[in-house]
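Student: Just passing along the structure, written as structure tokens.
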Ligand SMILES: Cc1cc2nc3c(=O)[nH]c(=O)nc-3n(C[C@H](O)[C@H](O)[C@H](O)COP(=O)(O)O)c2cc1C
Ligand SMILES: CC(C)CC(=O)C(=O)O
């Protein structure tokens with residue numbers, strides 16, 4: 001394995017996190033790093049990987065290793081993608097463009113948030129069809145903007161839409177509330193900039209503890225606005241005014257019957273419809289029933305329901321339910337190449353990383369994201385070699401054991 005050309009300040013994702021820490025202002029750092037409530041699910045996402053150990057096989061000629069895998073019709077260098085995360089220009093002035101350039105250079109799929117600070121057309125242009133772009137969708141209760149966004153994504157050549165399904169309301173993120181987090185005036189939620197041109201007076205801070213649709217811009221004709229999202233026997237009024245993540249991202253009305261079928265029709269045939277935020281076998285079966293093209297096991301990086309199962313712990317029941325009928329991806333807490341190996345051994349087809357890309361951006365823009373991808377890719381390749389595996393498809397349960405709290409080792 002090549003050992004040359006290291007950034008000696010940054011030899012691991014842990015190093016990268018520390019380096020990024022000093023390069024972000026407090027509001028950005030808290031917004032990026034925080035989990036919901038006490039943050040226990042965020043931590044458990046990371047810790048869950050420590051419950052498994054690898055069973056290495058030897059004397060297998062590992063001189064040639066192929067880490068690549070096909071995803072959305074493209075060859076990805078490793079089974080790792082950059083997860084959609086909102087507002088990347090908070091971390092670096094090039095924001096999503098830097099991420100796109102890094103992904104293109106490294107042959108890595110990229111997920112673009114609906115709430116990006118760069119338009120989907122600009123990101124697509126940057127990649128010129130070299131990597132499969134995925135649009136993460138917050139499907140607005142008010143449909144016109146979402147309809148337009150989907151049409152634009154199709155035109156720009158996006159391969160898939162990941163409908164985020166774990167945000168009927170925004171999770172309670174106390175630092176975000178304390179800091180009165182808002183997008184600075186020089187940045188825009190670019191995918192909706194045109195829609196907002198006439199009325200955009202900027203974002204409003206998240207200052208209260210209410211479910212998100214009770215925040216600014218949402219008027220519900222309910223008796224008590226603090227229970228927004230439920231129309232108490234009276235008319236429901238859609239969000240109005242500028243499109244901000246405080247007003248539009250969460251949608252408490254989303255449902256399998258009403259929305260998945262609608263979305264499939266809108267996207268068909270150009271883009272695949274996936275659901276991001278599945279954490280149970282029951283919902284995995286519903287996803288199959290509604291014929292989505294794939295699922296992402298995710299708890300939104302621990303930013304939504306705190307107390308939910310770590311994604312690695314939720315993965316096996318989802319994999320069992322799906323039985324290979326559609327791809328199962330996973331995200332949350334992946335910080336090492338060995339984590340990628342473990343997730344694949346437990347049945348994931350592919351993993352996505354969120355915060356590490358933001359830390360890379362904050363550290364050195366495009367170069368920092370490339371560094372992050374390089375670290376994870378090299379660690380993954382080395383892990384495969386030392387475990388005695390030469391192709392990604394060979395990674396399976398037999399390479400793992402589970403170790404419980406008292407140190408008892410069990411086969412899977
Ligand atoms: C700052 C931040 C912003 C995010 N924005 C979005 C988003 O716009 N849409 C979405 O579906 N998920 C969003 N996510 C969740 C990620 O897509 C992903 O599920 C999560 O970051 C994975 O966990 P990890 O950060 O531990 O890798 C965001 C996560 C973070 C940390
Ligand atoms: C636009 C936001 C709701 C982004 C998001 O998903 C997050 O902050 O976790």
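Note: Cβ is positioned from N, Cα and C throughout, glycine not excepted.
Not measured: the values here are computed from a predicted model.
Okay, these came from TrEMBL:
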- 300: active site, proton acceptor (ACT_SITE)
- 31, 138, 173, 300, 303: glyoxylate binding site (BINDING)
- 5-405: domain 'FMN hydroxy acid dehydrogenase' (DOMAIN)
- 196-234: region 'Disordered' (REGION)
Student: According to DSSP, does residue 31 (glyoxylate binding site) fall in a helix, a strand, or coil?
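Tutor: Reduced to three states, the DSSP call for residue 31 (glyoxylate binding site) is helix.
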Student: From the Cα of the residue listed as 'active site, proton acceptor' across to the Cα of residue 31 (glyoxylate binding site), what is the distance in angstrom?
Tutor: 13
Student: Using CB under 6 Å from any atom of ligand 2, narrow the binding-site residues 31, 138, 173, 303 to the ones that qualify.
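Tutor: Correct list: 303.
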Student: Of 173, 300, 303, the recorded positions given in the record, which has the fewest other CB atoms within 10 A of its CB?
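Tutor: Comparing Cβ neighbours within 10 Å for the recorded positions 173, 300, 303, 173 has the fewest.
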Student: Kindly state the mean pLDDT of the domain 'FMN hydroxy acid dehydrogenase' (5-405) in the predicted structure.
Tutor: 91
Student: On the Cα atoms of 31, 138, 173, 300, 303, which are listed as binding glyoxylate, what is the maximum pairwise distance in Å?
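Tutor: Among the residues the record ties to glyoxylate, max Cα distance equals 19 Å.
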Student: List those of the recorded positions 138, 173, 300 whose Cβ lies under 6 Å from any atom of ligand 1, in sequence order, or write none if there are none.
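Tutor: Once distances to ligand 1 are taken from each Cβ, 300 fall under 6 Å.
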